[in-house]
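Working notes, structure below.
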Amino acid sequence: MTRPVLGAAGASSFRIAVIGSGPSGFYTTEALFRAGAPVAVDMFEQLPVPYGLVRFGVAPDHPKLKQVTAAFDRIATTPGFRFIGAVAVGRDVTIDELRDSYDAVILATGADVSRPLDIPGESLRGCHHAGDFVAWYNGHPDFRDLEINLDHEAATVIGHGNVALDVARMLAKTADELRRTDIARHALDILAESRIREIHVVGRGRPAQAKFSAKELRDFLELDQCDAAIDGSALTLDDFEPDNPGDAELVEKLALLRAFSQRVLTKPRRCLFRFGLSPVAVRGQRRVEAIAFMQQPSATVEQIDCGLIFRSVGRRTAPMAGVPYDEHRGVHANIGGRVAIGPQVLAGLYVCGWSKRGPNGTIGTNRDCGMATAAAVLADLPARPGPRLSAPDLLLARLRTRVARIVSYEDWTTIDAAEKRQGALLGKPREKFVSVPDMLAAMQA
């Protein structure tokens, strides 16, 4: 028997579409419901599975961060909420169709486009976006076939943010350290055969300018087979002294880095943090063989021999047809969460999360961001020519003729249970399905 995709919204409810099922989408939905206004929310997701960044961006060895999905599940049980999975906006339905059918449309599409280095040789095989690697080891269907060749002695990670440290840590860990996590099976198999023994984590700035957190650094103290160290040849003791002693986070971060600089290396792998280096060229014939950096401020060129490069130098929101784009900021153009063309806002179209403010903050930062966008939506609704009582259901009827299967939240819970059952057999939280056909097949089991 086919499960119902849609539940009944209240007779006088304003109908709101949220595009994206990551943290910002859920937190904005939560804020809309908590306001007590008569609203019903349809959450569109291009994959059959929800959670966005939490499922495909949080590192497998950080399970506590993934516990936030319990809060998202509670939001999904709110009367008036409907999950519309396996429907891609831009492919299966247009923004204009959504705007014609809903009183408000909220874009929660994240920042999935990695910024390039814009240096020669960047297109050589073996030079990857860090975000692609993260999606690969987290089992994102679009990246499961990414070619990751770890048959090299050295790898270089460019960037000093938390994503760069996630990548370095995954390269530094052994298969036994990862086996009990929810890492995708294909990734575990390849990481288990890794020959990498040296990981360079390189950034342009000085230690105090690094964007990674002290917590991410502390993780490197607990690696079984890898020592964390610093190449201090271009650093002085002053580089480890905080400009603001009252900044507890900075003080701890610099203290950890200073401790790294004094460690005796005894383990078979090492992760070497480098500072004051700007990439100028990737070198190699058909694939990566080395990368050249310019030291700051000496302007001396230094080469690091490596067979693998991950660049983690920022992300942008993907432009979307029918939505104004801010090229400078790399987000959907908006004024306080209202999508805009210059000073003119577009009625009924909103944005939240990274696609509103850029890729910054923690998962929890999206709660305040979502509350602000929800407040803008609720302030504007009385002036809208709504509510659009039946239009969303008519649109969904048309969508059923365009897509193979619309996935409901009940369907997702079936997929979720199947992943957990398979994971339990392997002693891990879950074994993720890494293809859309496998996800859809699990719904029928």
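Cβ coordinates are placed from backbone N, Cα and C, and glycine is handled just like the others.
The NADP(+) site recorded in TrEMBL comprises His160, Gly161, Asn162, Val163, Gly361 together with one of Glu216, Glu222, Glu419, namely Glu216. Going by what TrEMBL states, the FAD site holds Ser24, Glu45, Leu53, Trp354, Gly361, Thr362, Ile363, and the candidate of Val89, Val105, Val301, Val313 recorded there is Val89.
Here the candidates are the binding-site residues His160, Gly161, Val163. The one whose C-alpha lies nearest to that of Glu45 (FAD binding site) is Val163. In this structure, the CA atom of Gly161 (NADP(+) binding site) is 11 Å away from the CA atom of Gly361 (FAD binding site). A sphere of 10 angstroms centred on the C-beta of Ser24 (FAD binding site) encloses 31 other C-beta atoms.
Here the CA atom of Val89 (FAD binding site) lies 35 Å from the CA atom of Glu216 (NADP(+) binding site).
Across the domain 'FAD/NAD(P)-binding' (14-179), the model assigns an average pLDDT of 97. For Val89 (FAD binding site), other Cβ atoms within 10 Å of its Cβ number 23.
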